[in-house]
Structures are given as structure tokens and as C-alpha cells.
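Worksheet: the structure to be examined is printed underneath.
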Amino acid sequence: MAFSDDDQDTTFEQIYRCYPVSFIEKSNLEKGDKIIMPPSALDRLASLHIDYPMLFQLSNPSAGKVTHCGVLEFVSDEGMIYIPYWMMENMLLQEGDTVCVRNTSLAKGTYVKLQPHTKDFLDITNPKAILETSLRNYSCLTTGDTIMVAYNSKKYYIDIVETKPSPAVSIIETDCEVDFAAPLDYKEPEKPAPCALSKRKHSEVEDDEPPTTKVPQFSPFTGSGRRLDGKPSSSTQSADQTSSPNKKQKQSNDETEGSDSKSLNTTSRRHSGKLVFGSNAAKFDTQRPLPKASENITKQDSSQKQEAPKFQAFTGKKYSLNS
């Protein structure tokens, strides 16, 4: 290749054959972006005026793929480099394919947007802390690359969606804001159909509504009444009893006179009926006279007392003191 004098002082560019780092038993390099280069590359770089730390651009012209990386050692065989296998996959390289290596200088990153391939990466207790620890093995990030983060014997692949301030940035000794996009396998929960949702809400409302049938309310002093003597009761008889006290008195006298003959009948009828209310009725004694009759007798006694002759002054037998 032909370079100008200025380019010869600052540019390193060489074509190498690439192989995975597992070929030299350095599988630990799969957790970062460091490559192994031959000693001749170090001699050439030492004679140039380049920026440190050393960063390189890897390109595969046949596939149009470009990425960036750092260097760990210069111990490989001449004409060969060893790179992480995930980088070979990003660049569509096979074992023994040629790759162009060129030194570069990158701005320090201020913002990185990442997208995990699987949502189980977000199930880790603190994914940002794990990512921060893993990215310490990386020198730079390139938009469009897919990096690998190993945690608990499991590999997580993450896409570099966006980097700022440029498509490729350096992440060495820099504070970088990290943002996450939704995982590739994430699916939003399906929303129920509007018709089904409205029907379900309507059914729930109907279930919550109280029954339309009216509950009967308690109405005091209603229904049929029963007499303690077993005789049928009627509204006309009660009206007559309340309007004419003489009928009540006559009825009570008749009941008193025939109480002996009717005691058995009243007892049997009383037990066949049902007492609706009244505490005195539950304690009723069949051998005692009816309450109504006793009340009428009391009234008669009181009337007789009222009819007794009143005291009259200066009446009666006369007596003389000389007798």
C-alpha cells in the first residue's frame, strides 16, 4: 500500500488472517473485545505517533461489515490475529478469512442504548451492575454490533442500538449513560376485544344489581286474631264490644255461669289454636276464670259500692240523757 508521509507517521493498516481466540486456549477473551496481534504489529505501532490506548477498526470488505476493538497482547504468529468468536459472527467471518486491521481514534461515549435478545436478562437482580462489570472488558462499542455478556454460566447477547456522540465510541474511563430497549422476544399482552369486554362489564353490573323482587316489610297489628276461649273472632263482634259495654257485661255473665260446662271445650280449643302475641296469654291457666269476666265482676263491685246510701246528718234513733 502507498501512504503519504503524514499517513505513514500516524496510520497503521494491515491485512491478517483471523482465527478464534479458543485456538490459543484464551477462551476468557470471549468476554470482551480484545484481540491478539503479531509482534511485528507492535514494532510498527511503536514507531508511529498514535493515540493511546490503542484502538483498531476491523473491516470485512466482502461483507461490508465494520467493527472496533482493542488489543491485549502481541504474541500471535506472523500474518495471523486471534479475535473473539462473537466478533467473527458479527462480521460474517470464517476461520482463516482475511480481515483488514487499522488503527483509529474514537470519542468517549456519553450515551449507549442496548437491546437484549431475551427478556430473561432483565430478570437478573441488578442487570445494570452486571453490565457495568462486563463492559470493563470492552474498549469500545459500535452501533449495530451484538456483544455477549456472561453471567452465572449463561451467555446473554445484547444489541448495540445507538451510541453517542458518534456511531462508534470509546468506553475506557468514561461515564456513560445506559438505556435499555424492549427485549427482542418481548410481546405486549393482548388486549381483550371491545365487544367481549363490554359484555363482561355488563354482566358484572347485572350481577351487582339487587333483585327486583320486593321483600315484604313487617306491618304491626295485621292478620287474623284468635280468642282465648276458642270462639271465632270477627270485626263486627269487636266493634259491638267496644261500642256497647252492656253487651260485654252480659256476655261475661253468661260465660261465668257456663264456665264449668265449657271448661273442657275451651281448653281443647285453646290448645288447638296459635298464640300470636301477648306475654300474659302464654301463662294462661285454664282453671282460672277468663280475664274479661273478672274485669266485668270488678266493674259490678265498683258499681255496687257506688250505689250504697250516703251518710245523712241528724238522722236515726234519738236518745235522752235522763233515761
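Placed from the backbone N, Cα and C atoms, the Cβ positions cover glycine too.
As annotated by TrEMBL, compositional bias 'Low complexity' applies to 233-244.
Among the features that TrEMBL reports, domain 'Ubiquitin fusion degradation protein UFD1 N-terminal subdomain 1' is placed at 12-106.
Helix, strand and coil counts under DSSP for the domain 'Ubiquitin fusion degradation protein UFD1 N-terminal subdomain 2' (108-183) come to 16 helix, 34 strand, 26 coil. Residues or ranges marked as domain 'Ubiquitin fusion degradation protein UFD1 N-terminal subdomain 2' in TrEMBL: 108-183.
The region 'Disordered' annotation in TrEMBL covers 189-323.
Note on the domain 'Ubiquitin fusion degradation protein UFD1 N-terminal subdomain 1' (12-106): its mean pLDDT in the predicted model is 92.
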